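All remarks here apply to the structure that follows.
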Amino acid sequence: MEVQKNHVQGKDCVLWQILWFYGIATCVKLLLIPSYQSTDFEVHRHWLAVTHSLPLSQWYLDETSPWTLDYPPFFAFFEYVLSFFAHFIDPQITDIEAGLNYKSDTVIYFQRTSVIVSDLCLLYGVYRLTRNLEFRKRISIWILVLWSPGLLIVDHMHFQYNGFLLGLLMLSISYLQERRDLMGGFFFAVLLCFKHLFAVAAPVYFVYLLKHYCWKGLTRGFLRLLSIGTMVVAVFAAAYGPFLYNGQIQQVISRMFPFGRGLCHAYWAPNFWVFYITLDKGLALLLRKLGFNIQTPAASFTGGLVGDSSPFAIVPQVTPLLTFTMVLLVLFPALIKAWKNPQPTLVARWLSYAYTCGFMFGWHVHEKASLHFVILLAMVAVNSLEDARHFFLLSIVSCYSLFPLLYEVQEYPIKVLLLILHSLLMWCIFSVRFTKKTASNPNASAKKQGEQVQLQGVFDAIDGKGRFRIGWVEKFYLFGILVVELWGQLLHPYFLGDMYPFIPLLLISIYCALGIMYSWVWQLNWIVTSS
């Protein structure tokens with residue numbers, strides 16, 4: 001009884017500790033309420049109006065606004081629940097006609113608050129994943145996740161609900177790590193019915209659950225396969241059943257997968273296709289200079305709305321099927337490892353690699369999707385010095401790649417300050433965790449090591465005596481980010497004025513793509529070489 005009582009008290013203590021970190025993050029989010037609102041702000045306001053004003057049978061048919069409902073049904077139901085609170089606060093928010101482009105203070109405060117409250121799901125997911133870890137490791141992960149500058153920029157300035165969705169993913173991973181595979185699969189199925197773009201990790205889940213949960217002999221394995229299959233079917237039936245009943249399932253699917261939007265998003269996500277498109281543009285320009293008659297494609301690579309497929313002038317055309325095939329091929333090493341060695345502790349690594357593959361080679365990838373693997377890699381960044389070095393570089397690159405989302409002048413100091421503070425926090429966290437003193441005295445008690453490391457590590461991070469280091473290549477690359485930013489903010493306007501306004505964005509995309517490509521190779525190498 002005494003042991004059980006101490007265990008419960010320990011968990012309560014951890015919960016109160018993480019609430020402090022969540023509270024600090026919430027204060028920052030409240031300060032960001034008046035900041036820039038993107039088109040996604042109006043997108044989600046319109047979805048509130050659609051789900052509140054129209055019957056369910058019209059949700060995926062409405063075209064009152066260009067920003068049609070294109071998320072899976074569970075997210076539509078989520079908007080439906082929120083719409084009752086929105087209607088109570090200000091009925092015009094949920095008016096499908098009068099609410100178009102409505103930007104009153106009530107809209108801003110309600111929608112910002114809804115994201116902050118929904119982050120409780122992220123809080124609980126992180127809590128479940130870290131509650132049994134040792135103190136310093138737990139605190140480090142809380143800082144890296146709950147204080148993530150990427151989430152602050154995307155969710156609480158640009159506007160989305162990524163924290164809520166990543167919370168569902170972390171809940172799934174936490175159950176898998178506890179060997180409660182059925183619950184882990186359940187939460188992942190629920191997540192897919194909230195946002196289908198997380199489905200790139202579905203092959204990892206399928207292989208892992210098949211081997212770890214179902215591969216238990218013929219009879220037992222069949223019963224387990226039947227149970228998990230029934231659970232998945234039940235979740236998808238709850239989400240899509242009403243639309244299947246109304247004969248609208250094809251309409252829902254076409255909304256969710258609008259392949260006509262083009263290969264790239266409006267701002268080119270820093271992935272493999274940036275190099276491919278740049279090669280096409282460069283070859284076309286060179287050949288025109290040499291006198292060849294190269295036609296300029298009429299359609300755009302970056303259609304935000306449904307339209308023509310992405311065209312190329314020189315290189316072969318890219319289709320959604322090709323990108324799907326590439327993602328599956330590069331994902332194969334992780335699937336092999338998940339089958340050969342289905343260890344619950346490795347699930348987060350395999351999933352982060354899967355989302356990196358989807359980001360690097362997927363169709364119409366948004367730059368915001370880098371959060372899917374960066375947040376997961378924060379969970380393993382404190383495991384080893386190499387993990388920490390990798391995450392340090394990747395996290396900075398990912399955050400900087402989001403800068404173009406906030407293009408207004410008043411937000412510029414905020415995003416720069418967030419990146420600088422995050423970089424300093426990471427340096428201090430990893431220096432505290434990986435110091436010479438800790439490594440040279442492995443026989444010291446945990447309490448004594450903690451006392452030594454807490455302050456010594458921070459000072460080592462400043463005076464250069466700590467073990468945490470990045471190589472000269474990484475240092476040179478990070479310095480290049482400063483050069484790219486100086487060009488975009490100062491040198492380009494000074495030397496070129498309003499000419500070639502696309503160049504600063506192109507440089508950010510290409511340069512950040514190099515960093516994320518490095519991360520993909522690093523993760524692939526880790527998976528292939530790990531035992």
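Cβ coordinates are placed from backbone N, Cα and C, and glycine is handled just like the others.
A TrEMBL annotation is a machine prediction, not a hand-curated record.
What TrEMBL lists as transmembrane segment is 14-32 (among others).
Sequence annotations record features per position, and here TrEMBL assigns transmembrane segment to 139-154 (among others).
The transmembrane segment feature in TrEMBL is assigned to 160-176 (among others).
The transmembrane segment annotation in TrEMBL covers 222-245 (among others).
Per TrEMBL, transmembrane segment is recorded for 266-287 (among others). Distant neighbours of the transmembrane segment (266-287): 294, 296, 301-302, 304, 312-315, 318, 359-362, 365-367, 369-370, 397, 401, 404-405, 505-506, 508-513, 515-517; these residues of the same chain sit at least 6 beyond its ends, with a Cβ under 8 Å from one of its Cβ atoms.
Listed by sequence, the residues of this chain that lie at least six past the ends of the transmembrane segment (314-334) yet keep a Cβ under 8 A from its Cβ atoms are 200, 203-204, 259, 263, 273, 276, 279-280, 283-284, 287, 294, 350, 353-354, 357-358, 360-363, 524, 527-528. Annotation source TrEMBL lists transmembrane segment at 314-334 (among others).
Under the heading transmembrane segment, TrEMBL lists 346-363 (among others).
Summarising the annotation, TrEMBL assigns transmembrane segment to 369-385 (among others).
Annotation source TrEMBL lists transmembrane segment at 390-407 (among others).
Under the heading transmembrane segment, TrEMBL lists 413-432 (among others).
Residues or ranges marked as transmembrane segment by TrEMBL: 476-496 (among others).
Here TrEMBL flags 502-521 (among others) as transmembrane segment.
For the transmembrane segment (346-363), the neighbouring stretch richest in Cβ pairs under 8 Å, chosen from 222-245, 369-385, 390-407, 502-521, is 369-385. Contact between the transmembrane segment (502-521) and the transmembrane segment (14-32) is not supported, since fewer than 3 Cβ pairs fall under 8 Å when only residues 6 or more apart in sequence are counted.
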